[in-house]
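Enquirer: Annotations for this protein, taken from TrEMBL, read as follows:
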REGION    19-64  region 'Disordered'
COMPBIAS  19-32  compositional bias 'Polar residues'
COMPBIAS  41-53  compositional bias 'Basic and acidic residues'
DOMAIN    133-254  domain 'MI'
DOMAIN    297-418  domain 'MI'
DOMAIN    431-552  domain 'MI'
DOMAIN    599-718  domain 'MI'
Amino acid sequence: MESTIAKLSEEYLEQFQSASGNGNFVSDTSVQILAPSKSPRSQESHHGKHESSKGNPMNHDQNSHSEKMGIYEKVNSHYALYKAAAGGSDGKGILGGLLDTGDGFLDPNDPNNDFSEGDDQSNTGEVQKLFADYKKKATVIVEEYFATDDVVATANELKELDMPRYNFYFLKKLVSMAMDRCDKEKEMAAVLLSTLYSNVIDPPQVYKGFSKLVESTDDLVVDIPDAVDILAVFVARAVVDDILPPAFLNKQMESIPKESKGGEVITRADKVYLSAPLHIEIVERKWGGGKDKTVDDVKAKINDLLKEYVVSGDKAEAFRCIKDLKVPFFHHEIVKRVLIMAMEKLKSEDMLLDLLKETAEQGIINSSQMTKGFSRLIDGIDDLSLDILSAKEILRSYISKAASEGWLCASSLKPISLQQENRVEEDAARQFKIQVHSIIQEYFLSGDILEVIEGLQLENKSCSPELNAIFVKKLITMAMDRKNREKEMASVLLSSLCFSVDDFVHGFLMLIEAAADTALDIPTVVDDLAMFLARAVTDEVISPQHLEEIGSQCTGQGALGSKVLKLAQSMLGARLSGERILRCWGGGGSSKPVWAIEDVKDKIGKLLEEYESGGELQEAFRCIKELGMPFFHHEVVKKALVAVMEKKNERLWNLLAECYTVGLITPNQMTKGFSRVAKSLEDLALDVPDVEKQFDHYVSKAKALGWLESSFSVNTPVYAVEN
């Protein structure tokens with residue numbers, strides 16, 4: 001058998017000699033074919049030692065390359081015959097080196113060979129050498145980044161390597177090194193990845209890098225005992241930062257063995273971190289991110305440096321301050337604020353625009369961030385026009401100037417609309433937005449719902465559905481940028497308004513359409529919007545069917561809209577969802593007690609009994625207000641009406657009349673209360689035989705008093721609040 005191998009070697013060495021035209025190459029190849037086997041590590045060293053710039057197969061023309069590859073295939077074919085004749089082989093022995101060198105003779109179908117670190121061209125020595133060089137340089141870059149925390153320098157060094165197809169390894173190295181360090185380095189790694197995404201590291205490389213990390217979890221655990229949890233946070237952070245698609249989790253679970261540690265990473269990222277309430281804030285602050293440098297802090301520093309620049313005119317100092325912020329991924333905020341400040345301070349317009357121009361020319365603000373800043377201002381130009389009437393015209397002139405000077409790609413911007421987004425007359429809508437902003441601010445201070453309703457009636461005398469939708473959008477947007485107290489107050493106010501369901505649906509659609517832009521200022525917009533939607537369904541402001549309608553109409557709003565709807569539906573589908581959602585922001589605001597639903601029902605029953613037995617009207621009003629749950633006043637209506645029919649005593653009917661007159665019980669809550677009674681008539685008939693006749697009588701009286709719409713009937717649908 002050995003003589004056969006020798007004969008094959010001599011025959012094909014002659015062909016190698018002819019194909020390569022280089023005696024050194026033949027000499028090296030003969031050593032590799034006939035030498036005893038070596039480990040992959042020793043072979044890599046051997047390869048690096050004998051690699052020469054001459055005779056490299058990658059440097060020949062295509063025909064020469066194809067000819068040699070044909071010879072390589074013949075050698076591999078004969079070697080396969082040898083293995084079969086020998087009764088199988090583990091790749092060791094006389095031809096062992098043939099499998100271990102990685103110099104172009106590896107069989108891609110042999111399970112003993114690992115191509116995990118390379119790509120489809122890793123069967124060439126030149127590619128392996130390039131990849132080995134890249135690994136060394138990438139490691140140095142990561143070490144320097146952890147020492148300097150200079151995001152811009154790191155990005156530039158990675159660009160200078162000019163080997164984008166290996167960037168997956170940089171990601172893998174960055175994360176694996178950060179995992180064995182302190183929280184500071186972990187946070188630095190997450191920030192760097194978010195910055196490099198798309199601009200330096202292509203999305204497929206990010207996806208591939210995280211795949212490699214998950215696959216190598218079993219090895220990482222050997223040196224880092226808590227590697228599963230740390231890597232799960234990195235994966236969750238990548239999803240939250242929108243550099244990994246959520247589908248990554250499902251695809252990884254399908255491709256890796258269930259018993260592997262990688263499976264534990266994906267499960268933990270999904271179940272522990274990404275499924276938790278307020279998961280975005282939890283994940284972002286896991287390693288201290290956002291504690292020392294919040295978005296508000298950065299915005300304040302940007303404002304300060306721009307004000308100082310306007311006063312001093314010192315560009316060098318402004319550049320230094322921008323660099324010191326170390327948030328290149330947030331430079332679009334600088335662009336946006338410079339443009340707004342230029343519009344507000346026309347005397348400093350040229351100075352501010354010149355600052356933007358030089359930051360672009362010196363690479364301090366890259367083209368992507370510059371475009372994003374202009375785009376954000378375009379998205380909010382209608383609101384800005386409320387304060388600066390000529391904002392649209394001024395912004396157009398800025399875009400034209402920047403494009404002509406070469407520091408902005410105007411073709412990548414969407415056109416500035418000449419018409420108001422809504423179908424309402426522009427001036428009326430503009431004035432309405434100004435007024436309701438003040439109304440909502442006053443409401444957050446006073447908590448007076450009646451004052452809000454009166455203010456809305458004055459500002460929207462025609463009860464325009466478009467203006468009602470604008471109010472819904474404005475209320476929720478302002479609440480999302482505040483604390484839980486204001487979020488709770490906003491939900492309570494929504495349930496007390498007499499808007500039509502269509503008005504609420506339109507308002508939520510407008511919110512979802514603007515979610516992408518809102519997310520730049522309010523990172524938790526998906527969670528907040530989903531909770532507002534779920535709360536609206538629980539409070540019967542909209543029905544589950546309307547939630548589906550919103551979902552069908554916002555299919556074109558991208559990933560954020562889909563996330564909002566799915567999260568809202570999952571909240572509503574959970575066990576005891578009604579009580580949980582009612583308590584999501586503390587119930588009744590931070591200054592009021594949080595009641596369980598059964599406690600509220602019990603308190604309502606007692607206050608009605610007290611009033612019926614001779615209590616005072618003002619005391620009854622006080623007790624109802626102290627509940628702090630105006631969205632649950634339909635229960636007052638229901639219990640009072642049932643007591644009136646059971647006891648044939650209209651004292652409680654008079655209480656309902658007084659509550660309606662002063663606005664304590666709204667028409668919406670009155671309708672809900674009557675509807676709930678209508679649904680329970682069959683049960684009530686067991687104790688009150690003539691209950692249906694009595695109910696018809698009181699429905700007629702309620703319609704005559706204006707409490708109910710004339711179209712109300714016993715069959716009017718009502719969506720029950722979960723108890």
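Every residue number used here counts from 1 along the chain in the order it is shown.
Note that Cβ sites are derived from N, Cα and C of the backbone, with glycine treated the same way.
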Enquirer: Mean pLDDT over the domain 'MI' (297-418): what is the value?
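Expert: A mean pLDDT of 86 is what the model gives the domain 'MI' (297-418).
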Enquirer: Summarise the domain 'MI' (297-418) as counts of helix, strand and coil residues per DSSP.
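Expert: Its residues fall into 95 helix, 0 strand, 27 coil.
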Enquirer: Helix, strand, coil: count each for the residues of the domain 'MI' (133-254), based on DSSP.
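Expert: The composition, in the requested order, is 99 helix, 2 strand, 21 coil.
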